[in-house]
């Protein structure tokens, strides 16, 4: 974590995806309570999210990484998360949510893959496994504290609070990335 840029990228990965992760954890409750969906319809929407995630990770990310640098994609994902935040703050029905899902899944999946690429390039080859292990702990962390935070936000402020949280986290993060100019290496550290 003390190598140049490693802590920064790890924090970007944790912070940028956390608001969407909290919303996705709360989706089963939101779908029934706010959107008024039955269990089967909620399952269809979750399957839609899963299919989009497979498409993004299987077809889109590889093509993007061959054309653009990891840092450009990282910045793009944080910017798209800001747009997702606006959409989530304004959504009122399931149709709106279905329109928000593709950019949310794109950013969520891309930032996970791109940050892992950057992190493994930033550490010596002997530490690659440890870095991937630490990096994979982000999702269980979100699943551990997300329900408490999500339940509080939903009960206290409603569904729009997830969008505002997305904006509150990702706008400063975008400007941090612009200002920081995190050092990056194209090759593996030896």
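In case you wondered, yes, glycine gets a Cβ from its N, Cα and C as well.
Note: TrEMBL annotation is automatic and uncurated.
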Range annotated as transmembrane segment in TrEMBL, from 44-65, 132-153: 44-65
Statement: Same-chain residues at least 6 beyond the ends of the transmembrane segment (44-65) with CB under 8 Å of its CB atoms are 24, 27-28, 31, 37, 73, 94, 97-98, 101-102, 105-106, 108-110, 113-114, 117
Statement: Same-chain residues at least 6 beyond the ends of the transmembrane segment (97-119) with CB under 8 Å of its CB atoms are 5-6, 9-10, 12-13, 16-17, 20-21, 35, 45, 48-49, 52-53, 56-57, 60-61, 64-65, 70-71, 73-74, 76-78, 80-81, 83-84, 87-88, 91, 131-132, 135, 138, 184
Query: By Cβ distance under 8 Å, which residues at least 6 away from the ends of the transmembrane segment (71-90) in the same chain are close to it?
result: 9, 12, 16-17, 19-20, 23, 64-65, 96, 99-100, 103-104, 106-107, 110-111, 114-115, 118, 159-160, 162-168, 170-171, 173-174, 177-178, 182, 184
